[in-house]
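Engineer: Here you go, one structure.
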Amino acid sequence: MSETMSTNEENKLPLNGRRAIPPNYANDEENEVPEMEAFGLIPRGFNPRDYLRVVDIYMFKEPQEINKQEHHTDKYYNPKLIVRRGQAFQIQIDFNRPYKPETDQFWLEFLMGRYPQRNKGTYIPILVGNVLKPGQWGAKIIHRENNSIRLSIMSSTTCIIGKFRFYVAVLTPYGILRTRRNAATDTYILFNPWCQLDAVYMDDEKEREEYVLNDVGVVFHGNVEDVKSRSWSYGQFEENVLDACLFLMDKAELELSGRGNPIKICRVASAVINSRDEDGVIAGSWSNSYDYGVAPSAWTGSVDILLEYYSSKQPVRYGQCWVFAGVFNTFLRCLGIPARLITNYSSAHDNNANLRLDFFLDDEGKVDTRLTKDSIWNYHCWNEAWMTRPDLPVGFGGWQVVDGTPQETSDGMYRCGPASVQAIKHGHVCFQFDAPFVYAEVNGDIFYTRVEKNGTQVVEKIDTTRVGQLIVTKEVGGDGMVDITEEYKFREGSDEERLALETAVMYGVKKQTIQDTTYQPQTDVDMDFQAQKAVLGNDFKVTITFRNKSRNSYTATTYLSGNIVFYTGVTKSEFKKHSFSAKLEPSSSSSFDIVIKSSEYMSELLEQASFHFFVTARINETGKILAVQKAVMLEIPTLRIKTKGELVAGKEASVIVEFTNPLKQNLENVMLRLEGPGVLRTMKKQFGRIPMNSTLTWEVKFFPMRPGLRKLIASLNSDALRHVYGELNVQIQKP
């Protein structure tokens with residue numbers, strides 16, 4: 001070690017009285033390992049060549065060879081050996097002469113990081129024995145021939161995850177002879193959902209194929225009444241992605257010794273996925289202006305984001321919840337932790353965790369935007385990771401919520417989870433981590449409270465069913481949607497649901513009672529609101545229906561407020577105000593139509609084409625107020641993708657992306673992206689403008705990489721129109 005190196009080290013890492021060695025959290029850093037470690041003075045005439053010497057090492061690391069096949073790592077686009085912990089793998093060592101077990105002694109060494117230590121799991125010496133014990137480090141000879149031996153090596157089921165350096169050490173009377181540092185023998189060890197003793201063990205083969213090995217997924221978005229879906233390329237096997245994922249743990253400063261524990265890995269990763277602390281992977285932006293970056297809706301997958309971060313070490317701009325969740329899912333699957341992406345519709349973003357979302361109305365019944373601080377997201381995406389929870393009582397293992405979107409701080413950082421889904425369902429929110437926050441996201445009640453001129457608060461309506469009314473994920477083995485709401489909560493209104501709520505309140509989730517406000521709901525008149533299915537750029541109509549169940553005639557002064565909102569439920573602008581007086585005849589229904597013109601909303605529109613309508617009506621005779629709110633999504637046109645001719649791995653093929661501009665205006669600054677894991681790297685193309693009603697065509701030539709059923713995913717992004725996607729399943733033939 002040179003002088004400059006050591007002084008540099010001292011500047012960076014002052015060794016304090018607490019630690020003997022500096023913190024060890026860089027997987028890639030190395031220490032010097034001597035090739036000859038002498039026991040004392042070496043006599044003259046000592047020649048290492050007289051002893052057993054390693055000539056060559058074979059790791060059987062090709063995708064078609066035994067190790068990657070048996071360990072389900074053959075899809076990784078990585079030339080080195082990748083194995084899963086707790087499962088045997090094979091290597092071959094060629095010596096300079098036949099190995100004699102009676103007199104020759106050698107062992108294997110796996111090392112990680114700058115300060116390998118045995119008790120930290122970063123220095124692992126393995127002696128060759130006669131028998132392999134399940135779940136423990138060991139090695140035995142399974143074949144001997146001439147100068148070669150073949151070994152079967154077992155790794156521990158609690159072994160740390162990452163990239164190890166590998167050496168073979170031979171004992172001589174005067175010292176230890178080691179093989180030279182050789183990067184080609186580096187070995188990655190990952191989590192093993194196929195191994196019963198691993199904390200991430202999953203027993204269903206179809207589920208393992210989906211949650212660990214599938215490199216494409218589906219993101220559900222839109223809203224409850226209008227669920228939309230799009231594909232997302234996880235790409236966990238693509239070149240350099242594994243190294244990028246390991247770098248995230250270095251970035252999060254997770255000690256190497258803690259990297260065998262999926263709970264710790266999830267916890268630190270949920271903080272490092274977002275850039276709110278310590279310059280994590282993605283910078284979030286919900287502002288609709290994405291200068292100097294990529295609009296969240298334009299990404300088609302995780303690979304570009306992770307690789308850009310790995311090379312620049314700077315947060316990648318920009319993301320919103322599904323981007324954080326997509327990248328998090330790639331990270332988890334890449335390391336071998338089963339994971340899936342979840343969408344919660346009508347997700348409560350509750351600023352004070354009291355299970356109550358307050359919408360304040362002024363004395364005329366209009367929403368008061370100054371006082372209303374809580375918001376309901378049309379949808380929110382997070383992840384579930386599968387693992388045992390030895391830190392919790394029995395029964396809380398399985399799926400755990402982890403969320404990389406920065407919403408609230410947890411122990412001083414923007415992170416969330418892992419929180420047991422089972423604990424959330426039963427209201428046991430005392431169990432770490434962040435269960436009360438997730439419980440509120442799926443269980444809040446909406447209070448409509450009118451504030452009178454003298455400050456008195458009157459609760460006009462309580463909606464107990466809207467929040468978290470649909471929670472979904474992609475089905476196993478297909479692109480369809482599965483409703484998993486029942487995994488998070490009991491049926492609305494059931495005894496079990498009430499008991500879970502009481503449990504959550506007992507464990508400290510705040511639930512305000514109604515005693516401190518007056519609440520007298522209107523019972524004899526119902527109001528409903530419906531919107532016609534609408535395509536972006538067209539007029540559409542909305543209908544307000546009253547049902548008067550009483551024997552009295554009423555008049556209702558009715559307000560409709562149409563707002564353009566971010567998908568987080570936060571209003572950008574009010575584009576439509578309409579008020580009218582409705583006559584309500586006894587025991588009858590009456591409907592009123594209002595036309596929403598495209599000219600009213602187009603100039604203000606945000607990327608997810610999402611509206612939020614508030615309707616309030618005051619019954620003049622009784623002074624009671626009715627309130628209803630609804631999110632409405634416009635249909636966004638899609639991209640068309642087609643291929644020309646036959647698709648054969650390694651042979652040139654071409655794909656065509658088409659789009660017709662449906663708007664009554666030109667599209668400016670149009671950017672197209674196209675990607676497909678195992679098919680082609682992300683391609684981008686900029687178009688200046690697309691005039692209205694004209695069609696854009698983009699042809700891409702490419703060489704499909706691997707045979708099999710694959711997916712192409714495309715997105716279009718422009719100033720006036722975003723969230724435009726297209727996808728195509730393609731069958732790539734063997735050459």
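Each residue, glycine too, has its Cβ placed from N, Cα and C.
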Engineer: If TrEMBL is the reference, give me the range from 1-25, 576-600 marked as region 'Disordered'.
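Structural biologist: Of the candidate stretches, TrEMBL labels 1-25 as region 'Disordered'.
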Engineer: Looking only at the domain 'Transglutaminase-like' (313-406), what are its DSSP counts of helix, strand and coil residues?
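Structural biologist: With helix first, then strand, then coil, the domain 'Transglutaminase-like' (313-406) has 15 helix, 41 strand, 38 coil.
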Engineer: With every protein chain in view, what's the tally of Cβ atoms within 10 Å of the Cβ of Cys321 (active site), excluding that atom itself?
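Structural biologist: Cys321 (active site): 27 neighbouring Cβ atoms within 10 Å.
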Engineer: Please tell me which one of the recorded positions listed here (Cys321, Asp445, Glu497) sits closest to Asp403 (active site), measuring Cα to Cα?
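Structural biologist: Ranked by Cα distance from Asp403 (active site), first place goes to Cys321.
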Engineer: Given the recorded positions His380, Asn443, Asp445, Glu492, find the one whose Cα is closest in space to the Cα of Cys321 (active site).
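Structural biologist: It is His380, whose Cα lies nearest.
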Engineer: Looking only at Asp403, Glu492, Glu497, the recorded positions on record, which one has the least crowded Cβ, with the fewest other Cβ atoms within 10 Å?
Structural biologist: Glu492
Engineer: Calculate the distance in Å between the alpha carbons (Cα) of Asn443 (Ca(2+) binding site) and His380 (active site), and round it to a whole number.
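Structural biologist: Distance between the two Cα atoms comes out at 14 Å.
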